[in-house]
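Engineer: Quick one: this structure, given as structure tokens, is what I'll be asking you about.
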């Protein structure tokens, strides 16, 4: 009887347990499935068997079917009948989620359709509804918990309110969600330090809102807090800039979309590599709630600023006699070569054998000790004292081994990290085709001089090069294309948008001149100056550096004759521009006779994606470039 009494409620609930719905007024519902793990017990309280029952709910507002595995376990009759609710998988790509807010408190009555909590997934924020009546006995994961793995228990429900005080927490059910933060360590070793998440029961706090690190660009996965514009306790208006965030592209301003007060800053100025979604601040609506929220949020979530760490080789060496029975041949050669005392080298081989690694370790320690002693002598000069306990073999090593220099680690900016990753991917995945040609620069220089003298228009050589390249792309539209990886085909672009490389302190930026083929040279010149200044100041907007159909990298201001640039995906071409050089060449005079003459030539190297460019398209593009350079007035047409 007891067994059947336990089975019947499970079977009657089998059609559905929980469902989630998206915050949307217009949404479609799609079925999803979950599994209910149920354990049955006999009258004596011993575990009888485990079964799996399919459970179907509905997820509203999602375009594809998802499977949510919600672990539900029923314990023996010796314990109260309880249900363990696990973190569901509410989207196909969801592996973890955040508990944004609990709508029900411990002890509350749960009716069918009641929202238990709000769960923030990798797609949107969902309401987690109950399709079963009961009482919320225990909340295992509090509000504000981040990165809760799918399947981890988050709450316990019971049918009888008298069983609330007798619920038993399953093993691992109350585990706190932890965040991993990496900390640099001196040398080549790295260690991971786990910091516990917020321990405060946020349900007991006044109304507040936790701000997470926003994704300010499509490729942004982490960012740096450059500067907080607002301080704790400040009033926040709609549109106020809270802080400046350094992304993988530029430094952007993080604006507030709501009014309130900044109660607590969780991530201070200068924090590096803050993951997207990690809480960075807490705001409140009532200024009287600032102190209570501020004191309740511990500083465990704060990230420590990565600062340059100076490393000095400080190995501790101590000359001591060791016993050994044999020496390997390679170790013996090193000992003789460097004049070491074999009795001072600790053996690590079997049966007390000194190996090659033991000798190398001894050499390294002697180098470090000699470096330390020499640096101390420079800092605190003292009368020369004859050393009576010098390390064995030190005198021989001074003349044969180089000194180890101290070094300093400089943290890489987020922009440089992304540039390094994208350039490596480009060289590894994009088949580069290189085509070079020399063009005569004299017509361009004469045209530039004429503009300055007759019209007082000052433009640079790079401004005219941009116009020349844009006109050539318009004349050869096959070159104004990119490779679509998903479709596996070339896609032609209607607009001619030229990306120009601008060197900044934080890395190379590529602001874009939109529709360059339709703009005058003077308009291009003004836009280039404005974009370059904003790029160096880190004030570019995302639409000003994202996109582009072709790139230009100009090193003509340096003593660089020619070079090969790396393609900037998803673009299919980049033109490397070298400096102009005067050379002697046969020149046909007005009388039709060739005479030696001095001309200024400039080297152009095209790096093209061979999946888009073949030899014919690349040759036609370079031919159009040469034609434009030879008759620069064609740009005015």
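Just so it is clear, glycine is given a Cβ too, placed from its N, Cα and C backbone atoms.
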Engineer: If you check TrEMBL, which stretch out of 165-198, 199-232, 233-266, 335-368 is marked region 'Disordered'?
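Structural biologist: Comparing 165-198, 199-232, 233-266, 335-368 with TrEMBL, region 'Disordered' matches 165-198.
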Engineer: Could you check which of 116-145, 296-325, 416-445, 446-475 is flagged in TrEMBL as region 'Disordered'?
Structural biologist: 296-325
Engineer: What range among 63-90, 371-398, 483-510 does TrEMBL describe as region 'Disordered'?
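Structural biologist: The range carrying the region 'Disordered' annotation in TrEMBL is 371-398.
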Engineer: So, do the domain 'Lipoyl-binding' (208-284) and the domain 'Peripheral subunit-binding (PSBD)' (326-363) meet, by the test of 3 or more Cβ pairs under 8 Å (sequence gap 6 or more)?
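Structural biologist: They do not touch: fewer than three Cβ pairs between the two stretches lie under 8 Å.
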Engineer: On the 0 to 100 scale, where does the mean pLDDT of the domain 'Lipoyl-binding' (82-158) fall?
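Structural biologist: Result for the domain 'Lipoyl-binding' (82-158): average pLDDT 85.
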